[in-house]
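Report on one structure; see the data block that follows.
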Amino acid sequence: MPKNTKVTQREHSNEPVTESVADLLSLEHPMDYKSSQMSMGLSPGSTAPVKALLPSPDPDAEDGRPAWNNKLEYILAQVGFSVGLGNVWRFPYLCQKNGGVVEPECEKSSATTYFWYRQALNITSSIDDTGGLNWKMTLSLLVAWIMVCLAVIKGIQSSGKVMYFSSLFPYVVLFCFLVRGLMLKGAVDGIAHMFTPKLEKMLEPQVWREAATQVFFALGLGFGGVIAFSSYNKRDNNCHFDAALVSIINFLTSILATLVVFAVLGFKANVMNEKCVVENAEKILGYLNTGVLSRELIPPHINFSHLSSQDYAEMYAVIKTVKEENFAQLGLDPCILEDELNKAVQGTGLAFIAFTEAMTHFPASPFWSVMFFFMLINLGLGSMIGTMTGITTPILDAFKIRKEILCVVCCIIAFLLGLLFVLRSGNYFVAMFDDYSAGLPLIVVVILENISVAWIYGTKRFMQDLEDMLGFRPYSFYFYMWKFVSPAVLVLLICATVIEMAISPAGYNAWVEAEGSDRFQSYPPWALAMAYALIVVAMLPLPIVFIARHFSLISDGSNKLSVSYRKGMMKDISNLEEQDEQRFILSKNPSEAPSPMPAHRAYLGPGGTQEMTNTNYGTSTKTGYQNIGSPESEL
């Protein structure tokens with residue numbers, strides 16, 4: 001071998017020598033392919049078998065040269081020639097050497113955060129820049145409303161069957177996630193964090209306000225869906241048992257979902273904490289190698305190749321104590337697991353960023369991702385079917401409208417209004433509607449419902465209705481809660497909400513592309529006016545309908561309601577008034593009029609010892625409506 005080759009240089013020198021494939025091939029002698037036997041078992045100079053392997057010459061060819069049998073053979077040959085080892089090792093090497101498909105926005109955030117804001121939402125940098133429609137979101141919105149419309153058109157016979165799947169499937173997914181989550185490293189840390197109370201938080205009014213608001217959203221109070229679904233029950237349905245059962249199931253579901261979330265977030269917190277430890281350990285090693293830190297600061301038992309969170313915490317404390325004056329310049333993070341667990345995320349941030357990022361570390365993560373998002377679709381469909389039923393049912397009961405036409409019109413209007421949320425800036429409007437249209441207006445609707453039943457219709461009369469339906473007297477606990485406690489608590493909740501809206505700056509979290517993170521921005525004047533208009537518009541139907549019915553501009557639809565027990569009650573009251581009028585004309589004592597309720601079911605009020613005298617109809621008929629000794633009789 002020549003002495004000036006790189007191979008001989010490497011043998012006689014300690015300096016590193018690099019050589020390419022071309023350098024090695026240059027040392028090879030040209031190969032005589034005709035005399036090469038390869039592995040075909042041919043003797044030197046034998047060409048007959050080789051000719052047999054070549055394509056037969058085309059007799060139609062002008063010069064007698066062989067031709068390809070078909071186009072596919074030619075393409076495959078070209079691909080086989082062009083695609084070689086260079087595609088496997090050289091091209092990836094060049095990409096790695098000179099930089100690869102890397103987005104600065106993605107590098108500054110995270111893969112899941114970047115995918116959500118840039119790929120899924122393609123979000124703009126502010127609410128002022130609408131950016132046009134996101135066609136992927138628009139198509140998804142259209143498909144969702146078509147499914148809701150079909151379910152509502154078919155009625156409870158169809159939607160009830162849909163609910164078998166849409167309501168039960170999420171529990172299957174949650175149980176699967178719970179079992180899988182408990183097997184993850186750090187799941188116990190997350191669950192322990194969930195059940196660790198922060199007693200100092202109990203003194204903050206905001207905690208109680210958020211807890212009360214959560215009850216409204218969890219049970220669907222004020223949306224109309226609960227009343228609409230219940231209106232299809234029979235008159236003697238045990239609504240007391242149903243209310244208790246649904247509330248218990250809702251509470252247990254919240255606990256189950258929270259267990260799943262905290263188990264997964266505990267796993268994610270451990271992953272992020274370990275990543276923090278590794279990154280900061282590399283910084284410390286760099287400071288040790290450059291002499292910025294002395295090796296005497298490192299405890300002797302610490303091994304950087306197997307560094308635990310406890311070891312890093314001990315090392316961090318020592319360095320912080322010794323380098324107290326210049327510690328901030330080192331840029332070291334404490335890497336505390338509790339800090340990762342305390343990072344609060346909600347709404348889209350929890351479902352599409354934090355939970356999704358945790359699932360990327362799951363074994364078989366695509367399967368779990370499909371299950372999780374399919375569960376979210378079912379939950380959303382179930383909620384929207386209930387909401388649309390709450391809208392269409394009272395309209396159908398009060399007016400003669402074809403159900404199909406009404407459902408289609410409602411879904412078209414809902415889809416058109418929903419286009420606001422599938423703009424590139426639509427996520428900002430989602431946050432606005434969540435903060436303003438579903439907070440204070442919902443509380444106002446609920447308190448008006450409470451006052452209407454407890455004070456206008458009358459708590460005693462309502463309790464009597466329940467006794468007639470259930471066949472037993474409800475607990476006195478409900479009487480005092482509906483009449484006194486609930487209205488007082490709701491008024492306090494409204495006051496707390498208004499105060500918080502007044503002192504808190506009105507704004508939203510805008511995505512900053514240059515920083516790869518979101519930043520709080522105040523609403524522009526037009527958006528602020530829109531936010532306050534949402535509150536007014538959400539509550540506007542209440543006074544409008546009240547005024548219209550008070551002046552008989554629209555019918556209350558009481559003679560058309562499909563609710564059986566409502567029909568029965570109105571019929572009994574009407575019969576009672578007719579009988580009282582007849583007895584008055586015949587100069588008979590109206591107190592002799594029969595009670596509209598069975599005598600053996602007379603409601604005795606919270607005290608339970610004296611019959612109540614009815615004064616609601618301007619008579620002294622003893623129908624069990626008033627208890628002389630009860631608080632209401634003194635009003």
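Placed from the backbone N, Cα and C atoms, the Cβ positions cover glycine too.
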Worksheet entry | Which range of 211-232, 343-364 is transmembrane segment, per TrEMBL | 211-232
Worksheet item: If you count Cβ pairs under 8 Å, which stretch among 211-232, 244-265, 367-393, 436-457 touches the transmembrane segment (168-191) the most?
Response: 244-265
Worksheet item: Is the count of Cβ pairs under 8 Å between the transmembrane segment (436-457) and the transmembrane segment (367-393), pairs 6 or more apart in sequence, 3 or more?
Response: no
Discussion item. What is the set of residues, excluding Asn250, Leu379, Ser383, whose C-beta falls within 8 angstroms of the centroid of the C-beta atoms at the Na(+) site?
Written reply: Ala218, Gly220, Thr253, Gly382
Worksheet item: So which of 211-232, 405-424, 477-503, 523-548 is most in touch with the transmembrane segment (244-265), counting Cβ pairs under 8 Å?
Response: 211-232
Fill in: Winner by Cβ pairs under 8 Å against the transmembrane segment (211-232), considering only 405-424, 477-503, 523-548
477-503
Worksheet entry | Intrachain neighbours beyond the transmembrane segment (405-424), with Cβ under 8 angstroms and 6 or more residues off its ends | 121-124, 129-134, 137-138, 140-142, 145-146, 148-149, 152-153, 388, 391-392, 395-396, 430, 433
Item to complete: Residue list, the transmembrane segment (367-393) vs rest of chain: Cβ under 8 Å, 6 or more residues beyond ends.
Response: 144, 147-149, 151-152, 156, 159, 162-163, 165-167, 169-170, 173-174, 176-177, 180, 220, 223-229, 231, 351, 355-356, 359, 403, 406-407, 410-411, 414
Worksheet, complete the sentence: Other same-chain positions with a Cβ less than 8 Å from the transmembrane segment (523-548) and lying at least 6 residues past its termini are 127-128, 432-433, 435-437, 440-442, 444-445, 448, 506-508, 554
